[in-house]
């Protein structure tokens, strides 16, 4: 490049550069794109809901919200990344029943964050029941079929979104009710697990309703049982576990959290915008289609909720004997 | 002639002025992003998603797809010109492409990369349109055992990527697999080989390894031999492909397209295997295989076509099952869901505009990339005329910023220094980096599939032989291994005999 | 016997890394073939690496001669000195208060110092000055910002090539600062401190 040209570029470039950079540091939050870590592989409920929330926040905050999938080890890998990040409001995690409820007990001693104290919890986004689905060609229509298969010499394989998820515990507890251990097949998230079920590699799966909903409607899998107290309004034909003689119910929940020490005004702002997004009629419609209930907790309420969940799951995990190995 | 009518409908959608405009924007941005090391398409797409707000879903998806292909094109540019592979598939492109650039044939390498990709894109677009749902069955027929065997085959053939001793390069493949074990065990949460370093709990960064072992090590080696770099910056060479080069490329492009189309359908690793599978094939089948390692055009034409074909057909599982195979596709699903569209088997009937529009725009996007990139070839090649003393600090800075921006963590920068020095050492010892990188990428996937296969088979290893797909893969792997090792052993024996006599 | 030194060293690297890996892997449970523990796959791959290393070792004994370039005693001395001083600097920095011991700075300081020492020898400059410049970039980026980091590491890396002239380097620094600002900050808006922060 010639000297003359380079000089021109320098003159043209430096001055606005100086001005803009100065201006940027003075701006209030949010001045930069926000990263929203999803601790599961694409295609599961966490991912699905995170993308909805990201789009909503993006519109309201006026900056991009980038969803980043960091799967592994019962959602603890992605959550640890966020726990370690700077508490500047630019890194959030889709906290959930696995990463901030069950995994700390299942992965005893291997989780390097405290689900309560290492995070500024912001908002509960969605709660939804768990549903058991089966491949249409697997010959499993009811839980009785499943129990019979489990007791047969071949046993029953059940896919889940990973060890440490509420689905994992469902599989362990169901095995105890049947009296025969189920063969738990963990995946990196509900997306890959669902694919294995549709392909028929694994006959059955325990999944959060939102990620399973569209596959049930499209007929690629059949819903065998809903782990809720009553039949779900969006799927009135699907009997509950209790109706089929197994006393199990399991809700999973998903929320937004930031690293501990995130300034209160930022937490407050994200919470406010999330609540406004959840209150929109479109969001409500979409959520009920997915089979989920929007959350309505304050940041303190959500932090308290997480604390209670962690405490409540510890003895349950202990009793079930669920381990990641 | 449903297909023709459907495609015509699709082109009607894709060729509206608005959609063409967004397709163009997507392709331009994607190309720019692909050229920058370390900046992946996911971050960019997310940044640019807001542009498409207020646009119909079809338009948004068309732009996203444009960025996705554009990034693939851009990635091969830096691989050919600067030996900087930003992603797995372009690792292979560096092998012959960069050698071609050093011989003064950078123009030809870039041209065939663009033309080959365009052809592959055209073919696989038709394939997706004609038999998408049918091909889904292929994806669904692959179980964990089959994936494991496919990847094992991939590792065995990746040893062929090396120019020197096969045993050494298999050693490097396995070392790559071992390196891939660093980080949190996906299943049990155990920290493995992390030495308590939190930054390693998600594994060693691919970009750090690639930038270090290829980009930085190459700078150091070039600085050590001033004579070679003066040759390099002096010789720009003719931009056009010679008639001979065209003739040699055609069969490679065809083979690459076929292989890539098949592998792309397999979610979770298929696409990663496409380009170097094609490289292996060319090295075995090409009439000019003796030129491999010194810049054979087949080694660019085949893998680039395979890569592009695979990136097209990898849409099939998304469109027909509604399950995204990677983060880019998850973004597309996200964009669809926000608009209230659920991708899946019903999308073809429920949203024909979207489905056929997307398919048609795949082709339009490829055409656009060709139109954008062919004239750019001249400009890119001129970059090589910049004196190397100005070039290398720029490459270094771009690598450094790219690596840092992945995590906003300087640890990644230091990690890159480490792999730079290691890469230098390896090249002095003639240990190859490419097989190691492929081992690194496939290793963790193999572990996951191996574990799952064994869980499903209740610990019975026979599953790998009983399943026909898996057995076929293993048989090919065994034959390939034998074919590679035999001449090597014979040579060793000859050497030993010569020694004795 | 014609020893292939390059292969011999390659084998040494493969074998020693495999042995270290296997030793570290003793911490991880193997599990069974059905339920593989975290130690199963690493054990497989390190064992395979060990075996391949041994095969390479076997071949290396009679596939030579393929000697390495000769190192002068000066080169060796400064290489070792670099290693020792770099380690010392890193450990020292870790025990210093404030900026020196925060975050990954001890690692960066150790790398930087360790690379600067051997680059006193001219023939080591390409390798270690480039590495040092890269490490310097990492050290400077967060405290003093992108622009200063670019300037410093470009200037340092320029010493690795004798054909550079001061004015040319200055021009390059300015050009890269503007280009990087335009591409990474203005267009891509990546999160990097641009200017010194006080």
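First residue shown is number 1, and so on along the chain.
From the backbone N, Cα and C atoms, a Cβ is placed for every residue, glycine too.
What TrEMBL records for B:12-35 (among others) is transmembrane segment.
When averaged over the domain 'DUF112' (B:20-437), pLDDT in the model lands at 80. If you look up TrEMBL, you'll see B:20-437 marked as domain 'DUF112'.
Sequence annotations record features per position, and here TrEMBL assigns transmembrane segment to B:47-71 (among others).
Residues or ranges marked as transmembrane segment in TrEMBL: B:107-130 (among others). Long-range contacts of the transmembrane segment (B:107-130) within its own chain (CB-CB distance under 8 A, at least 6 residues past either end) are made by residues 3, 6-7, 10, 69, 72-73, 76-77, 80-81, 93, 96-97, 100-101, 236-242, 245, 249, 252-253, 256-257, 260-261, 264, 295, 297, 300-302, 304-309, 312-313, 315-316, 319, 356, 359, 362-363, 365-367, 369-370, 373-374, 377-378, 380-381.
As annotated by TrEMBL, transmembrane segment applies to B:150-182 (among others). For the transmembrane segment (B:150-182), the residues of the chain that approach it from at least six positions outside its boundaries are 92, 95, 142, 192-194, 200, 203-204, 209, 266, 269-270, 273, 276-277, 279-280, 283-284, 292-293, 426, 430-447, 449, 469, 473-474, 476-477, 480-481, 484-485, 488, judged by C-beta separation under 8 angstroms.
For B:203-223 (among others), the entry in TrEMBL reads transmembrane segment. Within the chain carrying the transmembrane segment (B:203-223), a Cβ under 8 angstroms from the stretch's Cβ atoms is held by residues 37-38, 82-88, 91, 94, 179-180, 182-184, 229, 232, 388, 392, 395-396, 399, 402-403, 406-407, 412, 415-424, 426-427, 433, 436-437, 440-441, 444, all 6 or more beyond its ends.
The transmembrane segment annotation in TrEMBL covers B:258-279 (among others).
The transmembrane segment annotation in TrEMBL covers B:318-342 (among others).
Listed as Cβ neighbours of the transmembrane segment (B:354-378) (distance under 8 Å, sequence separation of 6 or more from its ends, same chain) are residues 6-7, 9-11, 13-15, 19-20, 23-24, 26-28, 31, 57-58, 61-62, 65-66, 69-70, 73, 107, 110-111, 114-115, 117-118, 121-122, 125, 128-129, 239, 308, 312, 315, 319, 336, 341, 347-348. Sequence annotations record features per position, and here TrEMBL assigns transmembrane segment to B:354-378 (among others).
Taken from TrEMBL, the feature transmembrane segment covers B:390-406 (among others).
As annotated by TrEMBL, transmembrane segment applies to B:418-443 (among others).
Taken from TrEMBL, the feature transmembrane segment covers B:464-486 (among others).
Same-chain residues lying 6 or more positions outside the transmembrane segment (B:390-406) and placing a CB less than 8 Å from one of its CB atoms are 36-39, 82, 84, 205, 207-208, 211, 215-216, 219, 222-223, 233, 383, 412-413, 415-416.
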